[in-house]
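Enquirer: Take a look at this one; I'll ask things after.
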């Protein structure tokens with residue numbers, strides 16, 4: 001919620017220091033942060049998701065989950081200050097901090113576990129997504145002389161060899177290439193040193209999302225009709241169908257965030273509906289998991305090349321945005337556990353030839369290397385973008401987006417058990433739980449099925 005610390009997992013500063021920060025954030029800067037954080041590579045899978053549900057259930061599901069997100073955001077906005085959401089003297093700088101202040105250390109540890117698992121999972125998902133676009137450091141005849149993408153290479157192959165050519169390539173070596181890049185970038189000391197990378201990543205995410213939207217419109221116009229059906233893609237059995245499926249004050253920070261949430265969630269939901277609907281309308285039952293791969297290997301191949309390069313750049317920055325908070329949390333914990341260790345606390349200065357000098361820490365080098373290597377390895381073993389995203393969402397959606405916000409609201413507002421508000425919010429939480437579990441089980445089944453094929 002703070003302009004200076006937009007990530008809710010960013011390592012905490014002490015409140016004394018934080019209260020002296022000059023807060024300049026407003027509704028529109030908050031809207032910009034939210035939209036930038038929400039619109040990502042997952043937007044390219046929305047058309048596939050809508051294809052599983054059809055023209056009625058698909059849009060309704062998007063609106064439903066947008067409504068759930070808005071409700072949970074409203075509840076979270078009240079948790080920024082403690083103990084009172086309006087005048088509470090303590091500003092909670094992270095989600096875990098808010099849970100700790102309102103629900104105690106045990107709940108904070110559980111919340112922290114889900115947060116860290118989610119951050120780790122996003123590293124895996126971003127590595128998988130990179131393989132869809134990243135084709136390694138190769139030179140392709142009559143193509144670009146820079147880093148090529150798998151999608152770019154296929155696009156150029158179809159352009160040069162014809163639309164019926166066998167243009168299929170593996171993924172593992174390109175995940176390794178992405179991992180090498182992340183291994184280097186992960187040695188950046190902390191989150192605040194990668195602001196430039198975040199800016200580039202945000203610009204790239206808007207670029208490829210808009211290109212995908214525009215190509216969907218062009219495809220529908222080119223077809224001359226809208227594809228798809230009310231019940232979604234055709235499948236052999238009903239069971240198969242089921243499985244597929246920083247702010248200044250005044251005004252108060254919670255009021256600013258509520259206004260920003262309404263604007264940003266409304267805007268992103270509209271954008272998501274457009275991307276999902278146009279993609280499904282363009283391809284119908286043949287809607288791909290990644291929208292760009294559907295029409296992305298034909299003409300105009302140069303535009304698809306550019307879109308996929310934007311994806312690669314976005315993924316490079318996005319991986320760090322999600323990983324740096326986890327790095328900081330783990331390294332801070334280790335430093336506290338071993339306060340007298342010279343190896344852990346000492347920095348070594350290195351000066352590579354032709355490069356500026358930089359500091360290297362043994363703990364940072366070892367832990368971050370293991371982290372990147374493990375996410376890369378798991379991504380290579382399970383390179384299934386949609387299924388992995390489904391599993392991740394099923395794991396942390398309900399506890400982080402529903403359970404903890406509801407319980408913190410009860411605590412702050414002293415909501416009495418069995419009152420009307422208590423019953424409504426508990427019902428909201430209980431109804432969302434089986435839906436999340438259903439999605440989790442379905443995604444796990446899809447992941448296992450894809451792995452065994």
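Glycine too: its Cβ is placed from the backbone N, Cα and C atoms.
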Enquirer: According to TrEMBL, which of these ranges is transmembrane segment: 242-261, 262-281, 342-361?
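Expert: Comparing 242-261, 262-281, 342-361 with TrEMBL, transmembrane segment matches 262-281.
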Enquirer: Looking at 169-190, 301-322, which one does TrEMBL call transmembrane segment?
Expert: 301-322
Enquirer: Of the ranges 27-48, 93-114, which one does TrEMBL flag as transmembrane segment?
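Expert: Of 27-48, 93-114, TrEMBL gives transmembrane segment for 27-48.
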Enquirer: Same-chain Cβ contacts of the transmembrane segment (55-76) under 8 Å, 6 or more residues past its ends?
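Expert: Residues 46, 49, 95, 98, 228-230, 232, 257-258, 261-262, 265, 268-269, 272-273, 276-277, 280, 401-402, 405-406, 408-409, 428, 432 contact the transmembrane segment (55-76) from elsewhere in the chain.
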Enquirer: For the transmembrane segment (391-410), which recorded stretch in the set 262-281, 301-322, 422-444 gives the largest number of Cβ pairs separated by under 8 Å?
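Expert: Per the Cβ count, the answer is 422-444.
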Enquirer: Against which stretches of its own chain does the transmembrane segment (422-444) lie, if we need a Cβ under 8 Å and a gap of at least six residues from its ends?
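Expert: Non-local partners: 68, 71, 242-245, 387-391, 393-395, 397-398, 402-403, 406, 409-410, 415-416.
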